[in-house]
Amino acid sequence: MKTLLLTLLVVTIVCLDLGYTLECHNQQSSQTPTTKTCSGETNCYKKWWSDHRGTIIERGCGCPKVKPGVNLNCCTTDRCNN
């Protein structure tokens, strides 16, 4: 019985990947590329829009709501928002 419980515990830990944290790019379009560890988040985002300065790109953790005219791409793997 103890062996069965231990086996189930190991399988659960391996399958759930406990402690995993997502890593996302988090720079603005004009900044040097950087990444951030996103505790508690399951998404990275990249949003972009155009104005008098040209195309503006913003990256970060989460998946925010955006205003009309702002493009948004949300994704779920490490550094997927490049």
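Even glycines carry a Cβ here, placed using N, Cα and C.
What you are looking at is a predicted structure, and each value in this text was computed from that prediction instead of being measured.
When you check Swiss-Prot, the disulphide partner of C61 from the set C38, C80 turns out to be C38.
Within the set C15, C24, the cysteine that Swiss-Prot bonds to C44 via a disulfide is C24.
Looking up C74 in Swiss-Prot gives a disulphide bond whose other cysteine, out of C63, C80, is C63. Listed disulfide-bonded residues near C61 (disulfide bond): C44, C74 (candidates C44, C74, C80; Cα-Cα distance within 10 Å).
Each residue contributes its Cα atom, and for C38 (disulfide bond) and C80 (disulfide bond) those atoms are 13 Å apart.
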